[in-house]
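Colleague: Okay, handing you the structure first.
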Amino acid sequence: MMYAPVEFSEAEFSRAEYQRKQQFWDSVRLALFTLAIVAIIGIAIGIVTHFVVEDDKSFYYLASFKVTNIKYKENYGIRSSREFIERSHQIERMMSRIFRHSSVGGRFIKSHVIKLSPDEQGVDILIVLIFRYPSTDSAEQIKKKIEKALYQSLKTKQLSLTINKPSFRLTPIDSKKMRNLLNSRCGIRMTSSNMPLPASSSTQRIVQGRETAMEGEWPWQASLQLIGSGHQCGASLISNTWLLTAAHCFWKNKDPTQWIATFGATITPPAVKRNVRKIILHENYHRETNENDIALVQLSTGVEFSNIVQRVCLPDSSIKLPPKTSVFVTGFGSIVDDGPIQNTLRQARVETISTDVCNRKDVYDGLITPGMLCAGFMEGKIDACKGDSGGPLVYDNHDIWYIVGIVSWGQSCALPKKPGVYTRVTKYRDWIASKTGM
């Protein structure tokens with residue numbers, strides 16, 4: 001039996017054609033959707049694989065070598081001396097030049113000179129080198145890459161210092177050894193490679209909401225507290241037993257048994273706590289004029305340096321900061337005039353202001369003496385405030401931090417033409433040395 005062909009009316013034919021096309025495009029859309037899902041899964045797997053495989057970590061090396069075209073100077077043995085600082089910076093710049101434009105360029109992070117020693121041929125250098133490589137790489141494999149890059153640079157680059165190639169030694173070290181070596185130097189923030197500084201364009205005020213500091217960001221900051229009364233002043237750790245602060249912090253109570261010092265980014269709970277053994281005020285401190293507003297506090301027992309607790313460098317007495325130099329002030333003080341003490345450490349970038357400007361009649365009218373330093377902004381947007389007294393004003397020089405000022409006085413907080421006034425630390429280096437031996 002033959003089947004007769006099915007006949008459609010014009011309307012039925014249009015409907016059937018529409019359904020056929022709809023089924024076709026549904027299939028296309030399903031195929032495209034499936035491909036998209038597969039692609040997304042593939043990309044996700046690729047990203048995960050990338051981060052698993054390319055999970056970088058820090059590798060640390062202790063390098064030693066001889067430099068033969070310079071002579072050893074006695075002050076190279078004093079890490080806070082201008083000679084040690086300048087020579088160290090020259091060596092660190094040279095390391096950067098050697099490695100950043102080499103086969104390991106993208107992997108080099110930074111270097112820190114640990115020691116300069118005398119040698120018959122010149123000067124022995126001991127330096128920590130820090131690199132970032134995939135965690136799957138071995139320290140020995142990386143060592144060979146570093147040595148190859150160095151030797152190639154010695155052949156092709158004109159360097160300011162002559163490295164004796166046979167003397168070069170490179171030893172992998174772990175993070176604990178690296179920290180111990182860096183602890184022998186002052187002014188180093190262990191977390192600085194992971195922690196950005198407050199932006200220089202920040203409009204945050206030290207009063208009215210200045211930026212909160214992270215743990216370990218300012219590891220020399222201390223809180224001086226009267227037992228039973230809480231936080232009174234800030235201070236700066238300059239050795240494992242000595243704090244530098246302001247004399248006016250003790251005008252009501254100079255009894256060391258009534259004071260404690262704590263460290264860390266919060267007052268409560270503190271990371272480290274110490275009793276006070278001795279308080280030394282400058283013999284010529286004048287409360288009426290704020291002259292010689294400087295004091296030393298000796299801890300009953302020394303602190304152990306760590307990522308959270310470190311000492312800041314004392315500047316050479318010859319260091320001069322030009323106007324508009326960026327410096328940082330930190331403390332637990334009020335964020336509004338006459339406001340409460342803050343439990344969390346805060347930070348702000350300010351700029352140095354010349355003594356001539358600060359002594360203008362419309363500013364402080366001649367009250368700024370050679371032992372004082374002005375910092376802030378003439379428009380008054382950032383300033384230290386109540387509770388910040390005694391705390392540090394610090395300056396960054398090639399990732400080494402120096403205390404250049406001690407929060408001392410000012411007219412109210414953050415008023416226009418009334419910047420903060422700090423004790424100028426460079427003027428008191430001899431006094432500090434006479435009391436501490438530093």
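Just so it is clear, glycine is given a Cβ too, placed from its N, Cα and C backbone atoms.
Note that the coordinates shown come from a computational prediction; the quantities given were computed from them, not determined experimentally.
Pulled the feature table from Swiss-Prot, pasting it below:
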type	residues	note
ACT_SITE	HIS248	active site, charge relay system
ACT_SITE	ASP293	active site, charge relay system
ACT_SITE	SER389	active site, charge relay system
DISULFID	CYS233-CYS249	disulfide bond
DISULFID	CYS358-CYS374	disulfide bond
DISULFID	CYS385-CYS413	disulfide bond
DOMAIN	57-175	domain 'SEA'
TOPO_DOM	1-32	topological domain 'Cytoplasmic'
TOPO_DOM	54-438	topological domain 'Extracellular'
TRANSMEM	33-53	transmembrane segment
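On this model, are these features tucked inside or out on the surface, and what's nearby?
Modeller: Under the DSSP three-state reduction, HIS248 (active site, charge relay system) is assigned to helix.
The C-beta environment of ASP293 (active site, charge relay system), restricted to residues of the same chain at least 6 apart in sequence and closer than 8 Å, consists of ALA246, ALA247, HIS248, HIS282, TYR285, ILE406, SER408, TRP409, THR423.
Under the DSSP three-state reduction, SER389 (active site, charge relay system) is assigned to coil, being neither helix nor strand. Within 10 Å of the C-beta atom of SER389 (active site, charge relay system) sit 24 other C-beta atoms, taking all shown protein chains into account.
The number of other CB atoms found within 10 A of the CB of CYS233 (disulfide bond), across every protein chain shown, is 27.
Just so you know, the Cβ of CYS374 (disulfide bond) picks up 27 other Cβ atoms within 10 Å once every protein chain is counted. In the three-state DSSP reading, CYS374 (disulfide bond) counts as strand.
Residue environment of CYS413 (disulfide bond) contains 26 other Cβ atoms, counted within 10 Å of its Cβ in all protein chains.
Note on the domain 'SEA' (57-175): its mean pLDDT in the predicted model is 92.
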Colleague: Write down the Cα-Cα distance for CYS249 (disulfide bond) and SER389 (active site, charge relay system), rounded and given in Å.
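Modeller: SER389 (active site, charge relay system) and CYS249 (disulfide bond) have their Cα atoms 7 Å apart.
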Colleague: Using a 10 Å radius around each Cβ and all protein chains in view, which of these disulfide-bonded residues has the most neighbours: CYS358, CYS385?
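Modeller: Result for the most crowded candidate: CYS385.
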Colleague: Same-chain residues six or more away whose CB lies under 8 A from the CB of CYS249 (disulfide bond)?
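Modeller: Same-chain residues close to CYS249 (disulfide bond) (Cβ under 8 Å, separated by 6 or more) are LEU224, GLN232, CYS233, ALA295, SER389, GLY390.
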Colleague: Would you list the DSSP helix, strand and coil counts for the residues of the domain 'SEA' (57-175)?
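Modeller: Counts, helix then strand then coil: 45 helix, 47 strand, 27 coil.
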Colleague: Roughly how many Å lie between the Cα atoms of CYS358 (disulfide bond) and CYS385 (disulfide bond), rounded to a whole value?
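Modeller: CYS385 (disulfide bond) has its Cα 18 Å from the Cα of CYS358 (disulfide bond).
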